[in-house]
Amino acid sequence: MADDPFVLGDTPFSSRLIMGTGGAPSLDILERALVASGTELTTVAMRRVDAGVHGSVLSVLDRLGIRVLPNTAGCFTAGEAVLTARLAREALGTDLIKLEVIADERTLLPDPIELLDAAETLVDDGFTVLPYTNDDPVLARKLEDVGCAAVMPLGSPIGSGLGIRNPHNFQLIVEHARVPVILDAGAGTASDVALAMELGCAGVMLASAVTRAQEPVLMAEGMRHAVDAGRLAYRAGRIPRRHFAEASSPPEGRAHLDPERPAF
């Protein structure tokens, strides 16, 4: 929407849905899901990129006019992530990087110390850094302070489909952030995405929720509408939660029976 821009770095986007490509049953289904989602930005793991192969994910994105967001998936140290980001910039000609530095293979949770180190180095190197982080308001603020263009807290572990387990932390991150906050990881269905947007997230990044759905193309379309609906609800402002009922109609004009006289 023209009156509600979504900007990452210096780049404006119409869609607030960032798609991933991992886990798709086929390139054909991935392509149709990307179209249905309306995404303009799609992340690709650099370790899976082969720019010279016809019929690759990159060729699909190029044909659809979707901007590539390389990521550093699979990196365990700041050094590995920085090297991967620099290779991505050389290969793809973009300063955008989705920064991932994970602590272990079992949880795939971010390593906050290595992440912050890598983020600071890449910002100094001229990258537009979008870090995958824990739902920690303090770490989110530190990532913003070193110059990250957004913060991307997880709702729950990657691929878990558990949704946002700590909405309160998301609200704290959103309230104090001066950069876009993007849900990254954990969404399982459209209601998770709508909730993220209602909490004030500027966008949503997802992959498994679509690529592993029974009908990926339908789910992609559902996610597209969920992002829009959640954003509109956030901008509109929900009514306060109450412990008791509050009638929507005024009391004026109600029928009153005389207690001294029977109704019939």
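Using N, Cα and C of the backbone, Cβ positions are placed for all residues, glycine too.
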Practice problem: Given that Swiss-Prot annotates Ala185, Gly186, Ala207, Ser208 as binding 1-deoxy-D-xylulose 5-phosphate, state which candidate in Gly159, Gly222, Gly230 belongs to that site as well. | Solution: Gly159
Exercise. Only counting partners 6 or more residues apart, tell me which same-chain residues put their Cβ under 8 Å from the Cβ of Gly159 (1-deoxy-D-xylulose 5-phosphate binding site).
Key: Gly23, Leu108, Ala185, Ser208, Arg212
Quiz item: What Cα-Cα separation, expressed in whole Å, is found between Ala207 (1-deoxy-D-xylulose 5-phosphate binding site) and Lys98 (active site, schiff-base intermediate with DXP)?
Solution: 14
Self-check item: Long-range Cβ environment of Gly186 (1-deoxy-D-xylulose 5-phosphate binding site), under 8 Å and at least 6 residues apart
Solution: Leu154, Gly155, Ser156, Pro157, Ile158, Ser160, Gly161, Leu162, Gly163, Ile164, Arg165, Asp192
Practice problem: Work out the three-state DSSP category of Ser208 (1-deoxy-D-xylulose 5-phosphate binding site). | Solution: helix
Quiz item: Using the Cβ centroid of Gly159, Ala185, Gly186, Ala207, Ser208 as the reference point for the 1-deoxy-D-xylulose 5-phosphate site, which residues of the same chain not in that list have Cβ within 8 Å?
Solution: Gly20, Pro157, Ile158, Ser160, Gly161, Ala187, Leu206, Ala209
